[in-house]
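Features as listed in TrEMBL:
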type    : residues                                       : note
BINDING : 40, 57, 128, 129, 130, 145, 214, 215, 216, 231 : iminosuccinate binding site
BINDING : 102, 188, 281                                  : [4Fe-4S] cluster binding site
Ligand code: 13P
Ligand code: SF4
């Protein structure tokens with residue numbers, strides 16, 4: 001629904017100038033601009049297919065940190081493009097739709113979080129990368145869903161920790177590490193929409209299916225999962241597992257890569273609580289191939305960050321990259 005409404009929202013002048021073959025026009029622009037297109041697995045299939053690199057949040061940050069391109073076109077959401085800009089202040093970083101935000105990042109406003117942090121002065125702040133640059137600037141270490149457990153395990157056992165903003169990932173990390181942490185109570189509207197009851201009904205219809213889930217899901221969903229991991233980890237797992245049917249409890253955009261990787265296996269999206277498409281991330285789906293092309297052609301919308309915020313947000317991201325190798 002969002003993608004269609006949004007494509008319709010393109011200016012008439014923009015629509016008139018769209019080339020017939022968007023794929024080859026984007027390939028030409030990549031060469032002209034010396035641009036790289038980085039895409040998250042939750043992007044629509046066409047965007048995934050035109051991308052130079054598709055990955056999870058950690059892989060995308062690692063690519064952004066090492067790219068030699070002059071222009072980074074980020075097919076993902078705002079906090080991801082912002083991370084790329086923090087790592088590359090002198091490069092042009094484009095996001096096809098600046099409205100592509102994140103409910104989880106929105107659930108942690110910097111003012112309130114600053115007071116929360118002040119109330120726990122002896123705690124180290126670990127923030128999930130799904131947060132704004134301002135929250136990153138208030139953090140000591142950034143993590144993603146693929147390295148959160150690894151990072152927490154590297155800290156001395158007596159170190160007190162605040163984990164923000166995702167309460168579900170935080171709880172999962174506490175279970176995996178046996179550590180107590182103070183959790184900020186944020187969450188993702190997509191991963192909290194899955195219905196445990198409907199998923200179990202689906203499992204009864206397909207008893208041979210394994211359930212794979214992202215750690216942003218609620219405990220009720222995670223407790224039935226055969227495997228829990230980041231999007232990249234889920235993709236690797238379903239590729240290597242003997243099972244050939246999976247119920248996928250994360251944003252269904254990833255199923256495009258799962259099917260490409262193993263066309264003979266079957267992937268069933270986990271159902272949302274309501275009768276809606278709420279398991280699709282409305283922010284990720286704001287980006288379209290048309291908008292990606294126009295962003296490259298017009299070199300806008302561009303990501304900008306205040307230098308003082310950028311300087312403070314860089315150190316915790318670099319710490320994450322060092323602790324992930
Ligand atoms: P990963 O890319 O780390 O798997 O996280 C998924 C997500 O929700 C991104 O917004
Ligand atoms: Fe944010 Fe959730 Fe969308 Fe990921 S899936 S970008 S956490 S709203």
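Glycine is treated like the rest: Cβ placed from N, Cα and C.
Closeness to ligand 2 is met by none of the binding-site residues 40, 128, 214, no Cβ falling under 6 Å from the molecule. Here the Cα atom of residue 214 (iminosuccinate binding site) is found 14 Å from that of residue 281 ([4Fe-4S] cluster binding site). Residue 188 ([4Fe-4S] cluster binding site) and residue 130 (iminosuccinate binding site) are 10 Å apart (CA-CA, integer value). Ranking the binding-site residues 102, 188, 281 by Cα distance from residue 216 (iminosuccinate binding site) puts 188 first. In three-state terms derived from DSSP, residue 281 ([4Fe-4S] cluster binding site) belongs to neither a helical nor a strand segment and is classed as coil.
Residue 102 ([4Fe-4S] cluster binding site) sits 13 Å from residue 128 (iminosuccinate binding site), taking the CA atoms of both as reference points. In terms of local Cβ density within 10 Å, 214 ranks first among the binding-site residues 40, 214. Counted over every protein chain shown, other Cβ atoms within 10 Å are most numerous around 128 among the binding-site residues 102, 128, 281.
Spatially close to residue 188 ([4Fe-4S] cluster binding site) yet at least six residues away along the chain are 102, 103, 104, 130, 166, 168, 216, judged by Cβ distances under 8 angstroms. Under DSSP, residue 188 ([4Fe-4S] cluster binding site) is assigned to coil, being neither helix nor strand in the three-state scheme. Cα of residue 281 ([4Fe-4S] cluster binding site) to Cα of residue 40 (iminosuccinate binding site): a span of 12 Å.
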